[in-house]
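Heads up, the thing below is written out as structure tokens.
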Amino acid sequence: MSAVPLKNDKPVEAGVRTVTVLGATGSIGDSTMDLLRGARGRYRVEALTANSNVEGLVKLAREFDARFVALADTSYFDELKNALAGTGIEYGVGESAIIEAASRPADWLMAAVSGAAGLKPALAAVDRGATIALANKECLVCAGDFFMQRAARAGACVLPADSEHNALFQALSSGNRDELTRVIITASGGPFRTWAAADIENATLAQALKHPNWSMGRKITIDSASMMNKGLEVIEAACLFALEPEEIDVLVHPQSIVHGMVEFSDRSVVAQLGAPDMRTPIAHCLGWPERIAGPAAKLDLVSIGQLTFEAPDFARFPALRLAYDALRTGQGATTVYNAANEIAVAAFIAEKIRFGAIARLVEATLNGWVRAGNLAPLASADDAIAVDHNARNMAASLLPQIAAKAS
């Protein structure tokens, strides 16, 4: 049994639904809170969390009358305590408080804590059989098989909140899983879609941050420029929908209007289209199994004029090829892929390596991991976190060598 519902057969819940938002002050959290703001009376906020943004968290807690708030950074305890004095809102700090927020009774939970820190809170929600809008990549990239199996056993419902996976989720409801022949994830191509390899190699931070279509955080925008983000999405799709690498294709689609397609055995292809606005997939998750009104712009195909598609260039964007390699190697390798990329992106932002060295550091770390024979299956969250930690250390140790080769 899959934790992702491939048929819209869940009964509609009557009355006010309670919601928890993990990562409420981040970009995904901000979009989620905006949707909740427009649907007052339909939802009640149980808990909100943030990393260190006390002011933003307290402002949201007061606005939505949250019952509990949590900060990951323990150094802000006194500031949080003082800001909530007299409100009656419960609060806590540290990992245990974030897990408590996820464990509290809520009908629906947005899992948008970034990084490996989001894994244990998401598992806490899974274990109580919650409906989870999943926006944390690490739950799938670092612990996908384990996470999805645990969700299925607990009766949790996992709804993909990322635009591409939500598109596949919607399209898959048009047929049965055994009728699927492949899924197609689209990619904008990022700011370097038409650049020569030599120019991509030496791209600056400012150039990498100029995404043509989406407004996103700094890290994910750089990942889009390298197509590392699309590689991560390939891995996520495999975990969410129990797909083999050969069942997942990527097409470059510069307009970012078609977000995903599913091909069935009769060669019918069902696509999901929409303006590039993260509030659309989040609204789909928030309203599911119904649909709620969303604030995104109407899709005007006449003004867009044309939709074009290109095959991805694995030579100019090796990060995408590496994702398929890691997926075929196994769960530990996908964890290494993600961890090494985070080290590489941080080094690029700090101007320690060229843009083109991001993928080279990831490849070197993957090769080193495989040579060391570190291929045991992951059986727990602690296993995944340990692999993530060790892979980061390996990538950091390889960084000077990669930087020297590029200089």
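Cβ atoms here come from the backbone N, Cα and C positions, even for glycine.
Among Gly189, Gly190, Gly217, Gly231, the residue that Swiss-Prot places alongside Thr25, Gly26, Ser27, Ile28, Asn53, Asn136, Glu138 at the NADPH binding site is Gly217.
Glu233 is the only one of Glu90, Glu95, Glu233, Glu244 that Swiss-Prot places in the Mn(2+) site (with Asp162, Glu164). Highlighted in sequence order, Pro160, Ser163, His165, Asn166, Ala167, Ile185, Lys230, Leu232, Glu236, Ala237, Gly260 have their Cβ within 8 Å of the centre of the Cβ atoms of Asp162, Glu164, Glu233, the residues recorded for Mn(2+), and are not part of that set.
Proximity note: of the listed binding-site residues (Ser27, Lys137, Asn229), Lys137 have a CA within 10 Å of the CA of Asp162 (Mn(2+) binding site), given in sequence order. Largest Cα to Cα distance within the recorded 1-deoxy-D-xylulose 5-phosphate binders Lys137, Ser163, Glu164, Ser188, His211, Ser224, Asn229, Lys230, Glu233: about 20 Å as a whole number. Among the residues Thr25, Gly26, Ser27, Ile28, Asn53, Asn136, Glu138, Gly217 said to bind NADPH, no two Cα atoms are farther apart than 22 Å.
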